[in-house]
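Participant: These came from TrEMBL, pasted as-is:
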| type | residues | note |
| --- | --- | --- |
| ACT_SITE | CYS264 | active site, nucleophile |
| BINDING | ASP30, LYS35, THR85, THR121, GLU152, LYS267, ARG334 | NAD(+) binding site |
| BINDING | PHE149, LEU150, ARG151, GLU152, LYS208, PHE253, LEU254, ASN255, ALA256, GLY257, GLY261, LYS327 | substrate binding site |
| DOMAIN | 320-421 | domain 'UDP-glucose/GDP-mannose dehydrogenase C-terminal' |
Amino acid sequence: MRISVIGCGYLGAVHAAAMAKLGHDVVGVDVDAAKVDALAHARAPFYEPGLPELLAESAATGRLRFTTDLSEVVGAQVHFICVGTPQKRGEFGADLKYVEAAFEGLLPHLGDGDVVVGKSTVPVGTAEDLAQRLADAGPGATLVWNPEFLREGFAVQDTLHPDRIVYGVPEGERGEKAKAILDEVYATPLDEGIPLVVTDFATAQLVKVAANAFLATKISFINAMAELCEATGADVTSLADAIGHDERIGRKFLNAGLGFGGGCLPKDIRAFMARAGELGADQALSFLREVDSINMRRRVRMVDLAREVCQGSIVGRSVAVLGAAFKPNSDDIRDSPALSVAAQMQLQGARVVVTDPQAIANAQEKWPDLTYAATAEEAAKEVDVVLLATEWAEYRELDPVELGTVVRTRTIVDGRNVLDPAAWRAAGWTYRALGRP
Ligand SMILES: NC(=O)c1ccc[n+]([C@@H]2O[C@H](COP(=O)([O-])OP(=O)(O)OC[C@H]3O[C@@H](n4cnc5c(N)ncnc54)[C@H](O)[C@@H]3O)[C@@H](O)[C@H]2O)c1
């Protein structure tokens, strides 16, 4: 099948390459010429494990190309919209300007029987509006909504073998035809037995934000418990292990620490609250405001803990921050808790050196005033305190004895609860963590 993918960022680039791997003929379109140039040379424009290999493999088939010219979508039957939907500046709502531009740009190139597939995360009601405009414009194309659930760091695996596939389709024959076309697009994963949920537009759009709201709530729940643990001397990691043994609760997403960030969870729960307000259902989601507050309080608590271990003042203290990406196995720094802590520490007078295995270039661009080092050892040279802010495997595996030889003071704050306190204390470190004594 001939497919176009409009917007080739973290979602779209992986989607385009994965669709080619599944046997489709794919053209990826992006307005960012540098990104297109990298992708056209089978180079990943961002760090995502497995993407370089997937791009190379798909490019070698001759079924994958990239362009900045939207008119090259002509001839494709299925058009995936994968552009960003960031938070509006100064507001909670989602900024739909990229979706608008992609949709309006696509309209003149659509043909009879084409299917436009929305993948971006949008406020409920967006698909209904676009479907109406598509019908009014009259090219004979059908809109469907097909939310994406990939996790950065696992994007290739999640795209090729998702947990489930969701289609929001219009009622009637038009919807049935569009479903049949999507079934063809996803024939390989569907043959694997991956669950398919076919539903209406509103549900399909809500599924995505409901899933993210649930995950954010689970993280903030355990971080609220961490606050109580801090107030009582209890240990949140044991608490999480104990409640996580209950199958109804489960241990995943119960890691207390610095909280969530990235280009999805924070902006998605805020956009969800904003949309609920517009729909007169704001009370239903007022708990998400608390979820957001708990999450943001963890960043403040991390800075406070650093101040505590520095005997009450971080002014003039040297601090190494391990991690800049919002999570490991990604170079994505959007709303990164690690960088938020680093910037706050610097603002409050500390001398901060940040390191990250993959995200330094992105961090430098966004936060040029911070100092960067290539490795944890370099960042930690002569520092008064080390903060573990992103749980990259190489930081989890740091040797406390070796790192102890480069720092000025053996003090570490584990913002992700991933180090073994006994091992670090045995190596002479003062070990502190969020939610643990
Ligand atoms: N990143 C994830 O893990 C993830 C997971 C699920 C869903 N999503 C959703 O997918 C959407 C995209 O997210 P992302 O992380 O890939 O964002 P991104 O910023 O990495 O990528 C968006 C891309 O769209 C391009 N673009 C903007 N306007 C365009 C236009 N008019 N025509 C062509 N290209 C255009 C940008 O240049 C950019 O490359 C968002 O709605 C997001 O919420 C993301």
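For all residues, glycine too, the Cβ spot is worked out from N, Cα and C.
Annotations in TrEMBL come from automatic prediction, not curation.
If you look at the structure here, what lies around each of the features I listed?
Facilitator: The Cβ neighbour count for CYS264 (active site, nucleophile), using a 10 Å radius and every protein chain shown, is 27.
When other Cβ atoms within 10 Å of the Cβ of ASP30 (NAD(+) binding site) are tallied across all protein chains shown, the result is 25.
Cβ-based neighbour count (10 Å, all protein chains) for LYS208 (substrate binding site) stands at 24.
With DSSP classes pooled into helix, strand and coil, the tally for the domain 'UDP-glucose/GDP-mannose dehydrogenase C-terminal' (320-421) is 32 helix, 19 strand, 51 coil.
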Participant: Measuring CA to CA, name the entry from the binding-site residues ARG151, LYS208, ALA256, GLY261 that ends up nearest THR121 (NAD(+) binding site).
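Facilitator: When the Cα distances are compared, LYS208 comes out closest.
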Participant: So for ARG334 (NAD(+) binding site), how many other CB atoms are inside 10 Å of its CB?
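Facilitator: For ARG334 (NAD(+) binding site), the 10 Å Cβ neighbour count is 21.
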Participant: Between C-alpha atoms, which of these binding-site residues comes nearest to ALA256 (substrate binding site): ASP30, THR85, GLU152?
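Facilitator: Comparing Cα positions, the closest of these binding-site residues turns out to be GLU152.
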Participant: What recorded positions among THR121, CYS264, LYS267 have a C-beta sitting less than 6 Å from any atom of ligand 1?
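Facilitator: Within range of ligand 1: THR121, CYS264.
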